[in-house]
Structure formats: structure tokens, C-alpha cells
Amino acid sequence: AEDCVGRKACTREWYPVCGSDGVTYSNPCNFSAQQEQCDPNITIAHMGEC
């Protein structure tokens with residue numbers, strides 16, 4: 001869903017990854033939370049900001 005926000009215990013470390021959904025995630029943990037809980041079809045497009 002558009003308004004879904006995946007949450008799990010992630011550090012605040014800034015190690016950005018760019019998702020295939022065009023969103024910059026602050027680190028791989030936050031990306032995986034979104035993927036697991038909201039959109040299993042997203043992938044990491046590349047490391048770094050989108």
C-alpha cells in the first residue's frame with residue numbers, strides 16, 4: 001500500500017540504498033523492513049541515494 005511504512009529495530013546509521021520504487025532508504029535494514037512488510041517486489045536498485 002502507498003501509505004505502508006515498514007518498521008523494525010534498525011539503527012540510525014546513514015548507509016543509503018536506492019529502492020526500485022525510487023525511494024532512498026537510510027540503510028539496508030530500513031529497506032528490508034519496507035520490502036518484508038509492505039512491498040515484496042521492490043529490489044535495491046543501487047547503493048547510495050536515488
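Every residue gets a Cβ built from N, Cα and C, even glycine.
Across the domain 'Kazal-like' (2-50), mean pLDDT in this model comes to 95. Among the features that Swiss-Prot reports, domain 'Kazal-like' is placed at 2-50, with the record citing sequence analysis.
Taken from Swiss-Prot, the feature disulfide bond covers Cys10-Cys29 (among others), and the record attributes it to similarity to another entry. DSSP assigns Cys10 (disulfide bond) to coil in the three-state reduction, outside any helix or strand.
Counting only same-chain residues six or more apart in sequence, the Cβ atoms lying under 8 angstroms from the Cβ of Cys18 (disulfide bond) belong to Thr24, Tyr25, Ile44, Ala45, His46, Met47, Gly48, Glu49, Cys50. The disulfide bond annotation in Swiss-Prot covers Cys18-Cys50 (among others).
Neighbour count (other Cβ atoms within 10 Å of the Cβ, all protein chains): 24 for Asn30 (N-linked glycosylation site). DSSP assigns Asn30 (N-linked glycosylation site) to a helix in the three-state reduction. Per Swiss-Prot, N-linked glycosylation site is recorded for Asn30 (among others).
Residues or ranges marked as N-linked glycosylation site in Swiss-Prot: Asn41 (among others). Annotation note: Asn41 (N-linked glycosylation site) sits in a coil segment as assigned by DSSP. With a 10 A radius on its CB, Asn41 (N-linked glycosylation site) counts 8 other CB atoms from all the protein chains.
According to DSSP, Cys18 (disulfide bond) sits within a strand segment.
In the structure as shown, the Cβ atom of Cys50 (disulfide bond) sits within 10 Å of 14 other Cβ atoms. Taking the C-alpha positions, the distance from Asn30 (N-linked glycosylation site) to Asn41 (N-linked glycosylation site) comes to 15 Å. Cβ neighbours within 10 Å of Cys10 (disulfide bond), excluding its own Cβ and spanning all shown chains: 16.
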